[in-house]
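Student: Before I ask anything, here is the structure I am working with.
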Amino acid sequence: MSEIGTRVYTECDADLSLIQNVLVAVIGYGSQGHAQALNLRDSGVNVVIGLKENSASRKSAQDSGFEVLLPQEAAKKAQLISLLVPDPAQRDVYESAIKHNLSEGDALLFSHGFNIRYGYITPPDGVDVLMVAPKGPGHMVRREYLDNRGTPAVFAIEKDASGRCFDLALSYAKGIGALRAGAIQTTFTEETETDLFGEQAVLCGGLEQLIQYGYETLVEAGYQPEVAYFEVLHELKLIIDLIVEGGLSKSRWSISDTAEYGSYVSGPRVIDKHVKENMKKILGEIRSGEFANRFIKDQDSGANEFTQLREIAARHPIEEVGARLRALFSWSK
């Protein structure tokens, strides 16, 4: 048990033979799909890949030595189906290829709880529904496995039809290498809501907006765009690495006294109580399903809003400056 009372499960807590004794169909061969499939195979698990006939990933999966079937064929053949296509595509893939090929005793696994949490997918009775969600992108999941390390994960049980779903989740987590680092049990609801909040308020949305505003403030005050880029974006990795290694305290210990003092007196003025209130509103939209409904509605109508927002973000001046600088310096090659 950890000091905060949350149990961290490691390799000694899992029986790898459970996942080795079933056929796993990995549906999708993108970031998580390719990493989890390769790691499972290297752990002695029988894996087939399910991809549409026109999928751009078919050749990559075949070149990696996998048997590649159509999604419905893979789902019918396997006892555990790992659905690793992007969230917006999962409903259609489930309805067209998986739903009618599930048998009692099968297991349906996700690496994000979005479609279960918001009711876009409702698996039938008699089927285990579980989640193993690595806390890192696919290339990291694969790289850490090959380096005899692991990427931490969370896991959850939504429906334990077989009575062995908990053990199966841990076995799968061990198969992809996650238990080398450790896994924490959660729920589909907790994983989905906290993951979306982290992405929107801090890791992606909040951080990107903070970087852009910092860049704009310096450039509008007359400083060189290149210098502004270094100060508010490039050096961010140095700080993030310190935080990941040893928490906020290691970052504070490692920076200069000037920087540390400035962070205390100025940080709360930038990220003030109004920011926290806005964060609470965002969390409320996530918990109520408002965000999910907006996202899926836009996706279903052609992703017009998403496309427009992506194009606007790509036109920000920091992108051109960054591309030019990265082309000049050896650290980007």
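Placement of Cβ uses the backbone N, Cα and C atoms for every residue, glycine included.
Dumping what Swiss-Prot says about this protein:
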- 6-186: domain 'KARI N-terminal Rossmann' (DOMAIN)
- Tyr29, Gly30, Ser31, Gln32, Lys52, Ser55, Ser57, Asp87, Pro88, Ala89, Gln90, Gly138: NADP(+) binding site (BINDING)
- His112: active site (ACT_SITE)
- 187-332: domain 'KARI C-terminal knotted' (DOMAIN)
- Asp195, Glu199: Mg(2+) 1 binding site (BINDING)
- Asp195, Glu231, Glu235: Mg(2+) 2 binding site (BINDING)
- Ser256: substrate binding site (BINDING)
Student: For the recorded positions Lys52, His112, which one has its C-beta crowded by the most other C-beta atoms within 10 angstroms?
Tutor: His112
Student: When DSSP states are folded down to helix, strand and coil, where does Lys52 (NADP(+) binding site) land?
Tutor: coil
Student: Using the alpha carbons only, what distance in Å do you get between Tyr29 (NADP(+) binding site) and Glu231 (Mg(2+) 2 binding site) once rounded?
Tutor: 37
Student: Rank aside, I only need the closest one: which of the recorded positions His112, Asp195, Glu231, Glu235, Ser256 has its C-alpha nearest to that of Ser31 (NADP(+) binding site)?
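Tutor: Its closest listed neighbour, by Cα, is His112.
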Student: Considering only the binding-site residues Lys52, Ser57, Ser256, which residue has the minimal Cα-Cα separation from Glu199 (Mg(2+) 1 binding site)?
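Tutor: Looking at Cα distances from Glu199 (Mg(2+) 1 binding site), the smallest one goes to Ser57.
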Student: List the helix, strand and coil residue totals of the domain 'KARI C-terminal knotted' (187-332) as derived from DSSP.
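Tutor: Breakdown, helix to coil: 128 helix, 0 strand, 18 coil.
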Student: Counting every protein chain present, what is the number of Cβ atoms, excluding its own, within 10 Å of the Cβ of Ser31 (NADP(+) binding site)?
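Tutor: There are 18 of them.
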Student: Within 10 Å of each Cβ, count the other Cβ atoms, then let me know which of the binding-site residues Ser57, Gln90, Ser256 comes out lowest.
Tutor: Ser256
Student: Using a 10 Å cut-off, grab the number of neighbouring Cβ atoms around the Cβ of Glu199 (Mg(2+) 1 binding site), all chains included.
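Tutor: Result for Glu199 (Mg(2+) 1 binding site): 14 neighbouring Cβ atoms inside 10 Å.
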Student: Let me spell it out: for each of the binding-site residues (Asp195, Glu231, Glu235), count the other Cβ atoms within 10 Å of that residue's Cβ, using every protein chain shown. Which one has the most?
Tutor: Asp195
Student: Can you check how the pLDDT averages out over the domain 'KARI C-terminal knotted' (187-332)?
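Tutor: Computed over the domain 'KARI C-terminal knotted' (187-332), the mean pLDDT is 96 on the 0 to 100 scale.
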